[in-house]
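Single-structure report; data block below.
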């Protein structure tokens, strides 16, 4: 398999695509409204209602959250596009082209990638409503939920996990796009790869700094169109070229239902759900939705789109393997390159088009992640009166530099994601069990001490698991989860790690919370490190729910007493539903 796209053509593709994305970003601010409408609409995809309000873009809140502005269609396309980056040409087809994983691996990967959106349709409104009712100031992500529900310690823990996950995601995207350019240009030099990754990272930082989240949502719509073109192209490659055709018997031999595939499916399902709940790019869309109906409908439609696309690429991997199983079995071909094995028979013009499409996929995903990172500390910066735009962008730049370096090392994409997923698995239940604000018998509403103890217990679980399984290279080396050199997902060790880690962390969250309340009483509901400007954090949200039964009993006693005194109690429905007004009999 050899490709020969010229370097000049590759660089032209890179900078033209990034230039178009920059124009889309400018269009999202409404600054192209001076152009003829037919032209300006090209750079807003006709979305003048949300992308053409230049005055609205001046507000920091809209810049960071696009709050209450996105329709269900925008949310669906945005979730679909922001999660489907350049990595899909490697990760998903690798599942299909690995015969030990095959059908269950593909369906597991597709279901796992789609399910977080389904979960968000339930979690999203709950978190959003909690912050609206109890939050002091507007929220931008789940780190703000961690601060409001628990306190500063859990806010920092949530922020660390979120930044780490999104950092690894950026590394995976930069690694993928660097590999694609190197393969299609047939230039594997470090300088060429660095030029591609630095250009992509720098230009996306520039236009997201200028236009914020509205630009990301707009580019996501553009990416949705790109996805359709990519699927159409691959369909043509498989169906129109004789070299890619396989018989029903050949496909049957390549598509299996295996135990390894089942274990991979379970692993991926838990891993991706845990990780995506820390993806602040996804949570930004929760606040961007115009209402709960748009949120639920948008995420459900986006979930279906993700499942279909992931399954499609997985099946393409099976076809690639069925076309030449001997070469894959002898490692003359590699499963993670199955997408390009299907493209090899196509002409050079098609290869240039692939560069255009995959570059756009990577850029759109990376700008979503960069915007997600900026949301983490934005609420606090706004609260103290600072403009978060430049401070958070400096954070993004500081994250992109090591990400570019790690991308140059060329780690396996699936292995990278598994590292981040396992870190997220240590903390997902401690954070989101915070939605329980009332005691359920022995299951006390988690305290901040209980939640942070659960996070620590999750990390310790991974380390102990590494000792039990004789991980080489030290305790923390087990976060890499290497079962063998061929398949990062194969085997029971990885699956068991992802099952027990969140369960143990959740168990210790409840256990320590119970002991904490037993020992400290109501003080356990307070933040571990209260700050003067955090008045209203944690304990207020708890009191509203935990003590509601006591409040109801007090009202009933008052009503009984007033009836005995000969008074009539009525309710003023026009002014305040629960306000009791006394009227002399």
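Quick reminder: no glycine exception, Cβ is built from N, Cα and C everywhere.
According to TrEMBL, the feature transmembrane segment maps to residues 222-241, out of the candidate ranges 222-241, 342-361. TrEMBL lists transmembrane segment at one of the ranges 261-278, 279-296, 369-386, 387-404, namely 261-278. In TrEMBL, the feature transmembrane segment is placed on 102-123, out of the ranges 36-57, 102-123. Three or more CB pairs closer than 8 A are found between the transmembrane segment (222-241) and the transmembrane segment (299-322), so contact between the two stretches is assigned (pairs 6 or more residues apart).
Here the transmembrane segment (299-322) has Cβ contacts under 8 Å with residues 72-73, 75-80, 83-84, 88-89, 92-99, 102-103, 105-107, 109-111, 113-118, 120-121, 124, 227, 231, 234, 238, 244, 246, 250-251, 253-255, 285, 328, 335, 338-339, 341-342 of the same chain, all six or more residues outside its ends. For the transmembrane segment (261-278), the list of distant contacts is 83, 95, 100-105, 107-109, 111-113, 115-116, 119, 123, 142, 158, 161-162, 165-166, 417-418, 420-422, 424-425, 427-428, 431-432, 489-492, 494-495, 498-499, 502: same-chain residues at least six beyond its ends, Cβ to Cβ under 8 Å.
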